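Undergrad: The structure that follows is given in the form of structure tokens.
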Amino acid sequence: MPSPPIPSAQRPDSPALIDQYGRVATDLRVSVTDHCNLRCTYCMPADGLEWLPRDELLSTAELQRLLHIAVTQLGIAEIRFTGGEPLLRRDLPELVSFAAGLHPRPDLSVTTNGLGLKHKAKVLADAGLDRINVSLDSVDRVAYAAITRRDRLHDVLDGLAAAVAAGLAPVKVNAVLQRGVNDDQAADLLGFCLANGYELRFIEQMPLDADHRWNRASMITAEEILDRLRERFALTPDARPRGAAPAQRWLVDGGPASVGVIASVTKPFCGDCDRVRLTADGQLRNCLFATGETDLRRLLRTGGDDVAIAHQWRDAIWVKKAGHGIGAAGFQQPARPMSAIGG
Ligand code: SAM
Ligand code: SF4
């Protein structure tokens, strides 16, 4: 993949991860694997997706080294482990525990499809995990199996309950709606989450599918999601400040319960973005939609010291684009699918 342009010599001499538009990256999304035990239609193909070569995946020690640099030298205050399916990586508790021991201690979370969480929630909480997001697009078994291509709804429900029992709070649920598939189930999902004390957030489907079939016209927009929820619930804007959080929150039936909608496509929040992503093979991405990457793995494996790695990391953020440009002329979907970037 092409490297980003040579950074301008004008980058200020600051330890933080700042870009040319004044944004500061403090939230690191670490993809620990590109493997997954589901095949969600908006993310992965049914089969045929090539895995990253095993020897290119970062080892536990390499990941720990980058986490240490990120927190102690670059101002990363929040780390989210994702994938692929992060629970498939056996050293996840070890990585969480390492990150929890860093100073200043970062906020630690995981985004997971929830399979196997029943057995891992307590181990992760004991390792220092603060919060968890579980992806669940339908509470109807048939629709769930159609979306994920696996009949595993019961595992996710068990995983959610285990997360609560382990004290991971709040437990958030992420949902993506697809037209003609589960777009009639928004209110059912919200009812389920309200009944169980989970915080639901809908995410507009983005052009990050491995099949490159995303189509703006058939995407369910944030406005449509809200319309469908209003058929059953009263929604009022949540007055709490949003900060860099991408979800616009609504109080349900007067509160205190709320629901979030992330309008990544129709109302991009790029101007407030504080994220940077590290792929499982050690490539730094300054945006979900970046078409260039910075190869930290090579630097790690050719004897680069911490100062050199931190310097390259800052350079990578400095050239972050102002916005993702979905819908603009010349927009190019990244070659990597979401499962290999880390959502
Ligand atoms: N496997 C884990 C999971 O599903 O939670 C973590 C990785 S997954 C890529 C992270 C999140 O990205 C999930 O909530 C998933 O629904 C979301 N996602 C995947 N592809 C997407 C797309 N094309 N548009 C919007 N969200 C997407
Ligand atoms: Fe796997 Fe998550 Fe992608 Fe679904 S969204 S295929 S669970 S990586």
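Every residue, even glycine, has its Cβ placed from backbone N, Cα and C.
Curation does not apply to TrEMBL; its annotations are automatic.
From TrEMBL, for reference:
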DOMAIN    20-238  domain 'Radical SAM core'
BINDING   Arg29, Arg80, Thr111, Lys172, Arg275, Val276, Arg277  GTP binding site
BINDING   Cys36, Cys40, Cys43  [4Fe-4S] cluster 1 binding site
BINDING   Tyr42, Gly84, Ser135, Met206  S-adenosyl-L-methionine binding site
BINDING   Cys270, Cys273, Cys287  [4Fe-4S] cluster 2 binding site
Undergrad: From the centroid of the CB atoms of Cys36, Cys40, Cys43, the recorded [4Fe-4S] cluster 1 site, which same-chain residues not already listed sit within 8 A by their CB, in sequence order?
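TA: Close Cβ neighbours, site residues excluded: Leu38, Arg39, Tyr42, Met44, Asn113, Thr148, Met338, Ser339.
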Undergrad: Within 10 Å of the Cβ of Cys43 ([4Fe-4S] cluster 1 binding site), how many other Cβ atoms can you find? Include all protein chains, please.
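TA: Taking all protein chains shown, Cys43 ([4Fe-4S] cluster 1 binding site) has 25 Cβ neighbours within 10 Å.
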Undergrad: Please check the binding-site residues Arg29, Cys270, Arg275, Val276, Arg277 against ligand 1 and give me the ones with CB under 6 A, sequence order.
TA: none
Undergrad: Looking only at the domain 'Radical SAM core' (20-238), what is the mean pLDDT?
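TA: Residues in the domain 'Radical SAM core' (20-238) carry a mean pLDDT of 96 in this prediction.
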Undergrad: The record lists Arg29, Arg80, Thr111, Lys172, Arg275, Val276, Arg277 as binding GTP. What's the largest Cα to Cα distance among them, in Å, rounded to a whole number?
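TA: For the residues that bind GTP, the greatest Cα distance is 21 Å.
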Undergrad: Select, from Cys36, Cys40, Cys43, Thr111, Cys270, each of the binding-site residues with a Cβ positioned under 6 A from at least one atom of ligand 2; if none does, say none.
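TA: Checked binding-site residues vs ligand 2; flagged Cys36, Cys40, Cys43.
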Undergrad: Quick one: pull the CA-CA distance for Lys172 (GTP binding site) versus Tyr42 (S-adenosyl-L-methionine binding site), whole Å only.
TA: 20
Undergrad: Whole-number Å only: compute the distance from the Cα of Arg275 (GTP binding site) to the Cα of Cys287 ([4Fe-4S] cluster 2 binding site).
TA: 7
Undergrad: So which binding-site residues are near Val276 (GTP binding site), with CA atoms within 10 Å, out of Cys36, Gly84, Ser135, Cys270?
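TA: The binding-site residues close to Val276 (GTP binding site) (Cα within 10 Å) - there are none.
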Undergrad: If you measure from the C-alpha of Ser135 (S-adenosyl-L-methionine binding site), which of the binding-site residues Cys43, Arg80, Thr111 fall inside 10 Å?
TA: Thr111
Undergrad: Give me the count of other Cβ atoms within 10 A of the Cβ belonging to Cys40 ([4Fe-4S] cluster 1 binding site).
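TA: Around Cys40 ([4Fe-4S] cluster 1 binding site), other Cβ atoms within 10 Å: 19.
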Undergrad: Taking only same-chain residues 6+ apart in sequence, whose CB is under 8 Å from that of Tyr42 (S-adenosyl-L-methionine binding site), what do you get?
TA: Ile147, Val176, Gln178, Gln205, Asp209, Trp214
Undergrad: Under a three-state reduction of DSSP output, how is Thr111 (GTP binding site) classified: helix, strand, or coil?
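TA: DSSP assigns Thr111 (GTP binding site) to strand.
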